[in-house]
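Sequence annotations record features per position, and here TrEMBL assigns GTP binding site to B:Asp17, B:His18, B:Gly19, B:Lys20, B:Ser21, B:Thr22, B:Asn134, B:Lys135, B:Ile136, B:Asp137. The domain 'Tr-type G' annotation in TrEMBL covers B:5-187.
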Amino acid sequence: MEDWQAAGFGLYVHWPFCQSKCPYCDFNSHVAAQIDQRRWAEAYIAEIKRTAALVPGRTLRTIFFGGGTPSLMEPETVEAVIQAALSSWNAANDIEITLEANPGSVEAARFAGYRQAGVNRVSLGVQALNDTDLRRLGRMHSVTEARAALDIAQASFDRVSFDLIYARQDQTLAQWEAELTEALRLSSGHLSLYQLTIEDGTVFGERHARGLLRGLPTEDLGADFFDLTQDLCNAAGMPAYEVSNHAKPGQEARHNLIYWQAGDYAGIGPGAHGRLTRDSVRFPTAAERTPGLWLAAAESPLGVTDMEHALTPEEQAIEYLLMGLRLSSGISLARLSAMLTHPYPATAIDDLESLGLVHVQEDVLSVTAKGRPLLNAVLEKLVGAL
Amino acid sequence: MTQLDLIRNFSIVAHIDHGKSTLADRLIQMTGTVADRDMKAQMLDSMDIERERGITIKANTVRIEYPAKDGKTYILNLIDTPGHVDFAYEVSRSMRAVEGSLLVVDASQGVEAQTLANVYQAIDAGHDIVPVLNKIDLPAAEPDRVKAQIEDVIGIDASDAIPISAKSGLGIADVLEAIVTRLPPPKGDRDAPLKAMLVDSWYDAYLGVVVMIRVMDGVIRKGDRVRMMQTNAVYGIDKLAVLKPQMVDIAELGPGEIGIFTASIKQVRDTRVGDTITHERKGCETALPGFKPAQPVVFCGLFPVDANDFEPLRDAIEKLALNDASFSYEMETSAALGFGFRCGFLGLLHLEVIRDRLEREYDLDLITTAPSVVFKLHMKDGEVRDLHNPADMPDLTYIDHIEEPRIKATIMVPDEYLGDILKLCQDRRGIQLDLSYAGSRAMVVYDLPLAEVVFDFYDRLKSVTKGYASFDYTISEYREDFLVKMSILVNEEPVDALSMMVHRDRAEARGRAMVEKLKELIPRHMFKIPIQAAIGARVIARETLSAMRKDVTAKCYGGDATRKKKLLEKQKAGKKRMRQFGKVEIPQEAFISALKMDS
């Protein structure tokens with residue numbers, strides 16, 4: 001068995017367009033006036049076929065439409081892409097097909113079409129349950145629209161998740177407690193709860209660097225927000241299965257589990273990353289980021305995907321640690337040692353275990369609830385010992 | 001060879017910034033010694049650091065030909081001396097090579113502490129002194145007040161002080177004329193056996209060791225076999241020259257003349273400043289009195305930031321030491337900082353100059369540990385040991401008592417800051433020896449522990465007086481005091497590079513300041529870290545660095561793996577700049593900042 005098979009194989013499709021750019025977002029997204037959806041569909045299809053030729057015969061467990069704002073895609077575009085994927089690989093019986101959607105009224109009108117196209121799960125970018133904060137986050141929708149979109153989505157799809165951003169400017173713990181309690185009531189089994197992160201190269205990043213972004217929590221208050229989030233979700237029966245993702249048992253995002261469990265994934269679309277194993281050698285792929293250039297490359301005979309530089313054993317191990325330890329379920333030490341071709345040094349683990357930050361049970365290394373808010377420091381230590 | 005009565009040898013005494021180097025430049029320029037197009041500012045300060053800092057470190061010399069008003073052409077030899085206290089030994093030996101001094105005082109500033117120290121050296125060397133008032137064209141110039149101050153404070157006649165502006169060239173002709181008319185010619189006997197004083201020596205990349213001499217008696221010629229009377233080594237003179245300031249070969253040097261020679265000498269250390277040079281055969285009977293070699297008084301550790309730079313650092317230090325016999329070094333190992341060198345310096349400025357040169361000329365990144373002085377440990381068995389490094393402190397049970405070096409410090413300060421200065425000196429365990437006034441400036445003399453001065457005395461002095469105080473010192477004696485070694489413990493582990501010797505009464509305050517600073521400098525870890533200052537087993541100050549509470553990336557999906565992995569790889573590489581202490585990683589900047597010395 002090849003290593004990736006422990007987690008399976010999925011397809012990520014990146015739609016790079018948005019109606020407007022949010023000030024906190026550092027994803028590869030662009031605002032364009034005119035998009036020839038037919039042409040884009042053809043380009044995606046061509047790339048899927050090329051990728052399938054590189055890794056043929058796979059069982060496709062998941063498809064994920066991310067962005068950008070994939071709910072700007074016409075249902076026909078989505079359907080064409082799904083069909084290309086299903087005909088290129090063998091679809092699993094329980095294939096999960098997720099689409100990220102903006103919770104606005106226009107998008108909600110397309111939900112039936114997406115379901116028709118084969119989408120069976122949506123992830124809504126609700127982000128906040130009060131209009132003031134939605135405006136500060138640069139979102140175009142209102143809370144009323146978001147609630148309506150959530151209702152329609154829950155009626156249209158088997159599984160629905162939504163995102164919230166917390167530890168926002170000037171947010172208090174009491175406000176977040178009320179908001180998250182409401183969210184848990186609205187949820188049908190999956191929530192992504194992200195602490196607001198100021199990234200370089202964003203509007204917030206720029207403002208932060210100039211000292212103009214006020215009201216952000218200190219490290220200690222940020223930790224209090226995180227702790228409160230865990231407490232409320234645990235009480236509601238939706239514990240964190242990953243740092244920022246909460247689900248009722250069985251409702252986890254299977255596509256994302258492929259990333260966190262170091263499976264293989266094809267990344268199609270501008271700036272999309274993939275990991276593909278051929279003859280037991282794992283390759284990272286990274287597509288051209290600029291939409292126009294990606295489109296031109298996809299339409300050329302050579303295509304986009306470049307599989308020149310394989311991951312070294314150490315790089316594979318680092319990725320497995322940094323992705324896998326985000327999961328409450330942890331990683332397999334046997335798998336880690338096999339990637340490295342030698343046993344992972346035990347001393348670093350012992351030190352962290354004595355601090356109560358990680359836990360080892362038989363083959364499984366996991367980060368404890370105490371260690372999770374310090375994951376970067378834990379990883380630094382574990383990677384440093386490689 | 002020049003007739004004795006046509007030679008004048010002199011030096012210039014001045015406080016830093018009072019215009020010594022500018023005056024030297026003018027003298028050189030006005031006599032046409034250097035063509036205008038070759039003239040660069042501060043002609044005699046040849047090191048970059050000298051020009052940048054506006055200070056003179058090495059003594060330098062220039063031979064000027066001056067056609068005087070009496071129709072005769074005189075040879076004027078100027079030895080430009082360092083002004084800073086650290087290089088006082090260099091001043092004193094240079095003074096012995098000449099017969100007179102120009103005392104340059106800034107007419108707007110007046111006499112400063114440094115001027116005082118140097119002018120007394122000139123008086124001790126038996127010099128005739130011509131006072132010169134510089135910057136006379138400044139609106140703030142008060143020539144009469146400054147003349148009175150020269151008479152009151154220094155005790156020499158200033159009635160015919162020469163008013164000049166070295167910057168504009170005003171009065172330079174009068175200075176040249178005064179050198180000829182008011183300073184004495186040298187004495188000497190051309191027919192006596194050769195007797196020359198070794199004034200200085202330095203290493204030149206092309207010529208090897210260059211020796212500067214002042215001939216007292218006899219004549220030295222190219223090709224002569226000469227003997228150094230202290231070392232008894234014999235050399236053949238390869239090259240004989242005068243400095244104008246570039247080298248110009250000369251056939252011979254007679255009594256009263258100053259010049260240089262080379263003689264295939266390998267190292268500067270083979271030459272002893274103050275040694276007497278005579279002919280191998282028919283040499284002179286008695287040597288000149290000679291000088292006491294300069295002793296390093298301030299010590300610190302120099303470590304490479306990158307452990308791989310240890311060998312380049314060793315090479316660089318060896319090269320610098322070739323040219324600076326007053327700088328000492330030995331290898332040192334620190335648990336915190338790895339391999340490095342314990343180095344001895346004449347003072348803080350000397351330390352900084354050497355460190356700057358290592359970093360700049362040899363492109364090294366260095367960590368400098370806290371400067372400390374040499375303590376004398378009187379052991380119970382009667383032995384007396386020198387302690388250069390607090391980390392080497394033996395067990396207290398073997399020590400009878402500890403002595404530390406004391407200095408006699410002279411501080412000149414405008415009246416309004418006197419109170420602050422007295423408080424500063426008291427705080428630093430000073431004992432007042434004298435307090436007098438010259439006009440609105442006070443002169444205080446304190447007996448102070450050198451250890452307190454190397455800590456951050458200059459900085460404090462500058463800040464409490466807004467830069468208006470001047471300061472100079474001489475080492476006076478070793479004296480017993482209640483001295484202890486203070487250790488710093490981070491997470492219960494002693495950090496050797498942070499330990500220091502302190503007076504028992506000052507230990508709490510120093511320890512508190514240190515642990516508070518370290519708390520700011522050490523990043524939070526995954527666990528809480530006690531930071532303590534201790535004397536022996538007794539903790540005298542403590543801070544706790546609380547544990548890190550949150551450091552986690554909120555979003556990490558398929559597209560983030562590559563970026564996050566690169567970040568972790570970078571962090572792994574960045575570890576090289578951290579020093580591991582038990583379980584605690586201390587960034588190198590923390591050592592530098594915690595031990596930051598004043599400049």
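Just so you know, glycine gets a Cβ as well, placed from its N, Cα and C.
In TrEMBL, annotation is done automatically, which means it is predicted and not curated.
Cβ neighbour density within 10 Å is lowest for B:Ser21 among the binding-site residues B:Ser21, B:Asn134. Just so you know, the Cβ of B:Ile136 (GTP binding site) picks up 22 other Cβ atoms within 10 Å once every protein chain is counted. Of all the binding-site residues listed here (B:Asp17, B:Gly19), the one with the fewest other CB atoms within 10 A of its own CB is B:Asp17.
When averaged over the domain 'Tr-type G' (B:5-187), pLDDT in the model lands at 83.
In this structure the residues listed as binding GTP are B:Asp17, B:His18, B:Gly19, B:Lys20, B:Ser21, B:Thr22, B:Asn134, B:Lys135, B:Ile136, B:Asp137; their two most distant Cα atoms lie 18 Å apart.
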